[in-house]
Protein chains: 2
Amino acid sequence: GAGADNDLYINQAIVFIEDAIRYRSINHRVDSKSLWLYRWYYSRTCQWILGLTITVILALAFIEEPSSLTVTSDVRFRLPAWSPPCGLTESIELLCFLLFLLDVSVKSYLIGWKEFWKNKWLMAYILTLIVSLADWIVSLSFFCKESVRIRRILRPFFLLQNSSMMKKTLKSINSTLPEMASVVLLLAVHLSLFTMFAMLLFARTKDNQQDKEWVVYFRNLPDSLTSLLVLLTTANNPDVMIPAYSKNRAYSIFFILFTVLGNLFLMNLLTAIIYNQFRGYLLKSVQSSLFRRRLGIRAAFEVLSSLKETPASAQQSCVSVGALLQVLQKAEMDSRCKQAIMRTLKMCSCDQLSAAQFQKLFEELDKDAIKQHPPSPEYQSHFMQKMQFAFGHPYFGYLGNVVALANIISICVVLVMDADKQPSERDDFFLGAINCFFILYYLLEMLLKILAMGLKRYLSYPSNRFDGLLTVILLILEIATFSVYGFPHPGWRPEFMGLLSLWDMVRLVNMLIVFRFLRIIPNMKFMALVVTTLLDLVKNLRAFAGILVVVFYAFAITGIMLFKGAVVPLGNTSAANTTHDNGTLQCGTYEQLEYWPNNFDDFAEKCVISWCSAHFQAVLFTASLMYCHVHLICRWAKIYFVAWWLISSVIWVNLFVALLLENFIHKWDRRCQRESLSDIEYQRTVELMFRDVLEEPTEEELMEKLHQHPHLQLCR
Amino acid sequence: GAGADNDLYINQAIVFIEDAIRYRSINHRVDSKSLWLYRWYYSRTCQWILGLTITVILALAFIEEPSSLTVTSDVRFRLPAWSPPCGLTESIELLCFLLFLLDVSVKSYLIGWKEFWKNKWLMAYILTLIVSLADWIVSLSFFCKESVRIRRILRPFFLLQNSSMMKKTLKSINSTLPEMASVVLLLAVHLSLFTMFAMLLFARTKDNQQDKEWVVYFRNLPDSLTSLLVLLTTANNPDVMIPAYSKNRAYSIFFILFTVLGNLFLMNLLTAIIYNQFRGYLLKSVQSSLFRRRLGIRAAFEVLSSLKETPASAQQSCVSVGALLQVLQKAEMDSRCKQAIMRTLKMCSCDQLSAAQFQKLFEELDKDAIKQHPPSPEYQSHFMQKMQFAFGHPYFGYLGNVVALANIISICVVLVMDADKQPSERDDFFLGAINCFFILYYLLEMLLKILAMGLKRYLSYPSNRFDGLLTVILLILEIATFSVYGFPHPGWRPEFMGLLSLWDMVRLVNMLIVFRFLRIIPNMKFMALVVTTLLDLVKNLRAFAGILVVVFYAFAITGIMLFKGAVVPLGNTSAANTTHDNGTLQCGTYEQLEYWPNNFDDFAEKCVISWCSAHFQAVLFTASLMYCHVHLICRWAKIYFVAWWLISSVIWVNLFVALLLENFIHKWDRRCQRESLSDIEYQRTVELMFRDVLEEPTEEELMEKLHQHPHLQLCR
């Protein structure tokens, strides 16, 4: 009937508007039941459960055998970690897989069969699930004793497929690959030509004394390649040059030429290429988000305009205000926006809305939310008013900063004086007394500010919340200290009591005080700009970080599978190769550097290793290679680390720099424009940053896209 | 009289046009004698002599005591270097100073007294000369035995003041300093807060076994600061973390947090800031060059229009073609441009030129020079024509590349096979034979190409010149080898004869073959783009490089003065601190790393050190610090290296990246536009790169500037 039809239209409009708000695609089924399922699927609870499932399955790596649940990861001291009984992690995994199965079936149903076959991501999702389940069955049938678990490497895919941002980012990284590949090829040519040169230059001579360079760095092709690759990462810089340079100064020319060309030119060229490719990236992604939003709103308009209530006589299609109000009440959206739209709607005298009016109404969604702080309390007493003026004044805040600085300096002085003292010689009286004084001041400051501003207004500022929380924690710690150890007095050096020693308590208090000093940041203009840029960047980088996590996870699991147990404590292995005749260790070897905690035995450990080798390139890498001379995993480890270095350090860091440049330059330009408005706190989003350069989609584009909708049949 | 006046005007016009061509300022004296002096001063010979003088005075650092004239700089093996007798370098210096005095007086005279007092650079020049001369006198009166020579540190100033580009660049670096300082301040805050945290976290405990982290890295405030600063340069990355991390995994969080904030965010922020500041730098400098050129031409027009010959009746001022021809004939300029302008002038029917026509005539100067290759010879014989087609075809060039690649691969294979062989076991037959074959092919290729293209056309391509030269050298080497050692045969392993052993000859040939392989570059599109970008960059970077040289020189000389002789070979010093009880060396110390060649004893050495420590930051830096534990120059060395690291690595490398980004992005955009024209070889300059974005100065701006000229009195 007409009523049921109307209900359907209203529901469709609600879903389309929700899609618009969250920048979702509107290409899904639009019948009543599907709409209910769609809203349920995208409800907060459902999405939260899905997110939790992904987190759980990724986090399993820390608990599974080899588990990371030991305090140290040093193979020499580590006790055998607790390993979960067979079946525990496996049953959690099965539960996750079942949830993913549910997820994939709902998703496939909602987009419809026709679209399903076109969607490669969903196909890959199903394939991954099938492979994982098969692997799981194999695992159980071997009673968890099998060595290779493919499903572990596949896990990060679940994270990837769940984020549309990450998929989009992956696509644009993909389109940059050909050019990156050219530069990497150029680097490879550079490296191989110089390797040949080096091998010819530092060939073996008859005089064995002069052969140092050859013996250590250029003994054969793989060694030479490695030496120069590591030089490209600048990790072995003066060392690799020293033996040749010691013979003749002129040899330094070779190394300097190599690094100038490779490191200064080619590596930075990679940055330039990636920056050039990603220059428009943010803008493009914001533009496509805007298009989705406009499309969702237009779709809502179209379905509402086909409601039976509307007079058929109207030439132009239009929407009744009543229907829109009904939709708005049911739609889930930010209450501020909802109220603003309702208000505009009520003020508007007309009864019918045209498409343009309808769009304009929803522009409220794109606007800055101007944050309003609650008002200060109004005191009657003249004295209180004066107090309020004094302690609400910015100068009182500056005074607080000065006191915090004084506290920092006093801690610093005590640290310098106590640096070399034995713990037993240390006298905690001075530090205890001054900290007590400063904490009392902080408490007083907090109370006076609350008095001046009122609790609500006080808490509405993030900097005050940060301050207050730390002050309260400090106070509690201080009271606990005094109740256990008594008040400070000269020669205050009590015995260990309770959970923490006095010394630990004092250290903790000091650390919190140092941390509290960060409150000065918003007071310095440039710092504030930098910090907000960084925070913005973190928001925009989420998709990139996600992709890095995906790659990282796969690498870490592969690393564990390949190299687990490769590091064996000294004594178990024949250490003959790494020691001198008189029993001391040779320099630069794994054993001498005491890299025992760096091994591949568990996931947490692998994360730390990857961090080191990713960012600091080759230090660990060289260490592992030197260690290689003893063991036989050498070649694999080399290839593995070079691949990881390329992906994480070369490509990802450059992506990061590109985004930082993009973000910062936009922000900087904007700062100059908005100087005058700087008092108002904007809750800025990326969308807002680009607002003045964005292009509004035209009506034709929107309608064309709407007519391509696979499930929605528009009347006209 | 009128004739003399006319001569003066003509001369003025000539000088103004020459100024315009070389983008010089026109603010100099314009009377006859001064003009003659001005043309003499800016003549090629004079400028060449001045350049030579600057080179000589800078190069003195290599010869002066401590001289760099030893093969090795290793303090253990080095023989005492030849040191020039007292008075030799000093007399060269005096000669240079006298030339500089002449230079400064001519310059001051030419710009006139009024301008002289406004020109800070000239004042500083005179001051530097006075100080240098005074120091020189002191030096001689001590018979060259004095230890401190201030004039050495001042030398690079002579380089600086002679280049207007460098002065301009310095100005714009100067304007970026406040923002850079903010980020450096932020870095300092970051560093000091984390240092305090670290000192509290890794404090001395009662258990001495657990104290490793404290003992090695965080013993006191300077040590902690150094550890974290070095961590910021990522040189000691996993090492600094290992002892704490070995105790508890959670300590890694501290280090990861520190490096993420410091290294990933703050350091890259510096890049962003510098890039943002220098984004318009190239454009702005090209714009101001254009203004100078237009101004020079306009000035020439104005003086020519006041010639008595021109009819006074003309309302608009204009210039007779005859006068202009006279000026052109006498002016020094590129002959191609001169001919082009003459041609246009003759084709033009008019007798008088307006200002606009005059300017338009000289636009020839801004145009691309399209390089034309001489034509190929035309052969009569049908066979020769076929030959010409075959060997002039690009495919023949590609075949040559394939053969070169095959040669490289064969050398590579031989190198891999021979890598571990003793020199006495090596059989040079195989390599000798194949190289002989390949070199014959190269010769044939060259001859056939010359046949097909004719010698002139062949030589007009740079790639052919490169090819041909290397082929000829290879041929000569090969003939020399055969004449000394006979033809290769199995077991060809002759004794050492003549200048070089057979092995050295073969190595040299191989190196040249590897070098010749670079001819493939222009054949690969992307590589060609990259290489041209790099070449462009080198042109644009000259000013920056010059400033770096200036800073570098001053730093190097200071380093020598401060730390000369600080590195003493083992045995002379008490080595007790760096050895274990059983006599082997402790790891990570200067002695164990054998950094003997790295010392501060002479200038060439200092250059290499600075290169290492500049680019590869802290490896050497740490080494020198560890060495510091023994000696007492520690604190100075620390400050010295940190300053150098900040300037060279942090600031200069970022400047470089900024310019590279700027250049590359312009080039890249342009590549897409000009794809179709890529066959024509342009001799591109920076000016041309920006031509379509440059703004032409308006007539008003030009005239206003002309009226401000301190010496030129325009009639109207």
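Note: Cβ is positioned from N, Cα and C throughout, glycine not excepted.
The transmembrane segment annotation in TrEMBL covers A:45-63 (among others). Using a Cβ-Cβ cut-off under 8 Å and counting only residues 6 or more beyond its ends in the same chain, the transmembrane segment (A:45-63) has close neighbours at 69, 84, 89, 92-93, 96, 99-100, 103, 152, 155-156, 158-159, 162, 553, 556-557, 602-604.
The domain 'Ion transport' annotation in TrEMBL covers A:68-278 (among others).
Taken from TrEMBL, the feature transmembrane segment covers A:122-143 (among others). Tertiary neighbourhood of the transmembrane segment (A:122-143): same-chain residues 86-87, 90, 93-94, 97, 100-101, 104, 107-108, 111, 116, 149-151, 154-155, 157-158, 161, selected by CB-CB distance under 8 Å and a gap of 6+ residues from either end.
Cβ atoms under 8 Å from those of the transmembrane segment (A:180-202) belong to residues 213-214, 217-218, 221, 224-225, 227-229, 232, 244, 251, 254, 258, 261-262, 266-267, 269-270, 273-274, 646, 650-651 of the same chain, restricted to positions at least 6 beyond its ends. Here TrEMBL flags A:180-202 (among others) as transmembrane segment.
Annotation comment: TrEMBL describes A:253-275 (among others) as transmembrane segment. For the transmembrane segment (A:253-275), same-chain residues at least 6 beyond its ends with a Cβ under 8 Å from one of its own Cβ atoms are 176, 179-180, 183-184, 186-187, 190-191, 194, 197-198, 201, 228, 231-232, 234, 237, 240-241, 244-245, 650-651, 654-655, 657-658, 661-662.
The annotation transmembrane segment is assigned in TrEMBL to A:395-417 (among others). Below 8 angstroms of C-beta separation, residues 430-431, 434-435, 438, 441-442, 445, 448-449, 510, 513-514, 516-517, 519-520, 523 of the same chain, each at least six residues beyond the ends of the transmembrane segment (A:395-417), sit close to that stretch.
What TrEMBL lists as domain 'Ion transport' is A:398-664 (among others).
According to TrEMBL, the transmembrane segment annotation covers A:429-448 (among others).
The annotation transmembrane segment is assigned in TrEMBL to A:469-488 (among others).
According to TrEMBL, the feature transmembrane segment maps to A:508-531 (among others).
The feature transmembrane segment is assigned by TrEMBL to A:543-563 (among others).
Annotated transmembrane segment per TrEMBL: A:639-661 (among others), in sequence order.
The list of residues near the transmembrane segment (A:508-531) in space but at least 6 beyond its ends in sequence, with Cβ under 8 angstroms from a Cβ of it, reads 397-398, 400-401, 404-405, 407-408, 411, 431, 435, 438-439, 442, 463, 466-467, 470-471, 473-474, 477-478, 481, 500, 667-668, 671. Packing against the transmembrane segment (A:429-448) from elsewhere in the chain are residues 387, 391, 396, 400, 403, 406-407, 410-411, 414, 467-468, 471, 474-475, 478, 481, 488-492, 506, 509-510, 513, 516: each is 6 or more residues past its ends and has a CB under 8 Å from a CB in it.
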